[in-house]
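What TrEMBL says about this protein:
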COMPBIAS  47-58  compositional bias 'Basic residues'
COMPBIAS  60-72  compositional bias 'Low complexity'
DOMAIN    152-273  domain 'MI'
DOMAIN    315-437  domain 'MI'
REGION    43-108  region 'Disordered'
Amino acid sequence: PFYKLDWVLSFDDVDHPYGDEDEAALEAEVNGNWTPQEKALHEARLKAKAKRRVRKSSSRSESLSESLSGELADGDSYSSKGKVPVPNDRKSRTGKGRGLPKKGGAGGKGVWGAAGMVYEVEEPDVKDPNYDEVAQGDTVYATVVPEVDERELEKTVNPIVREYFEHGDTKEVQMLLKELNLGHHKYEFSSLAVSLSLEGKASHRELTSRLLRDLVGKVLSESDMARAFDKILKELPDLMLDTPEAPQMLGQFIARAIADHALPMAFLDRYKGKVDCDHARAALDRAAVLLSMKREMVRLDNVWGVGGGLRPVKHLVKEMNFLLKEYLVSGEVKEAERCLRDLEVPHFHHELVYEAVVMVLESKGDTAVKMCKLLQAFWKIGLITVDQMNRGFQRVYDELPEINLDVPHAHSIMESFTDLCYQESVITKQLRDSCPSRGRKRFVSEGDGGLIKN
């Protein structure tokens, strides 16, 4: 019918025109050439096509309305469903994600961050490729020293203490300890130093006492020193295996430390009635006795004796004279050897040789034989070296004219003594031949009848 045709034509004029086949079908319908089946099929096709176009136009209008409402409400520039490009579009175009702008709205070319963002001063990163060390200004470098492990503490401290026994410079030890990070094991340095000195000489113990005195207040505190001696008192039975006199020596260390103000005055008081070990009690009693002998806490400087090169020369000469006189009375070579070793002055043994030869020149009897025996014993065991022996005799040779003023027969006695020492292999032939002799001018021969010599 014609009313259907008008509706179809008006629909096509509004939206899109039909194709050539549809126009031909319309002409055939107008002319009345269609059969009833063709008409029904054609109407069904037209209805289905109209539905598709209505559905497509409605979805397009919905997407446009959503994009406009989203831009007004949230500031979004487009909808991911329609994928219609909009200027200043920063949302994902893949249709995925939470729908938020990239980088929180702070990304994009020529953008320095989100609006209202305030940047703080950032420290330069060393790993930054553009890092310039010179342009950073004043840079402070700090050296981090790791703490010395307890197992390596003894290996680190022992060389320092043994080297100190050689040079005796406490300031160098202070410098070395400041370079080390001993941590909470700092007090163990004192205990290790005392333990090593117990196995050494009297001069080592004297040096250790001086070291403890100089370290307090600079590297160690009085509490650190007290902890060190507490540890030594506990280890005293083990120390006695190598040093049987350890309790007496430790008592002297404690007394000297208290007198030098390295230990607190109340160190002995807190042990009264609380000591179960007999050896520790003996050490504390020894310290108490030494402190009670001194008035006004005068330093116990001579508690170890003055050892080695620290002794004054006059004192050493006096000790050697006393040693030789005692030997002439007793005749014990072993005791004289022990006394000479205790002086710990191998570089000064030429003084013993000098004093022994002078005693021979000034005395009578069998003194020459005894002194030759003593020098021979010291020579054989290596206690007196060749240079010390030669130096001692040479000093007597140089002073022989002055000695001759007090001892008129000094030259003849010296010649006989050097011959005796050479026979006993005490001195060399060269040293014997260098002995000065005073020549005699004889006008009358002794035993030729009083005839005058020409």
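For all residues, glycine too, the Cβ spot is worked out from N, Cα and C.
Mean pLDDT for the domain 'MI' (152-273) in this predicted model: 89. Across the domain 'MI' (315-437), DSSP assigns 98 helix, 0 strand, 25 coil. For the domain 'MI' (152-273), DSSP puts the residue distribution at 94 helix, 2 strand, 26 coil.
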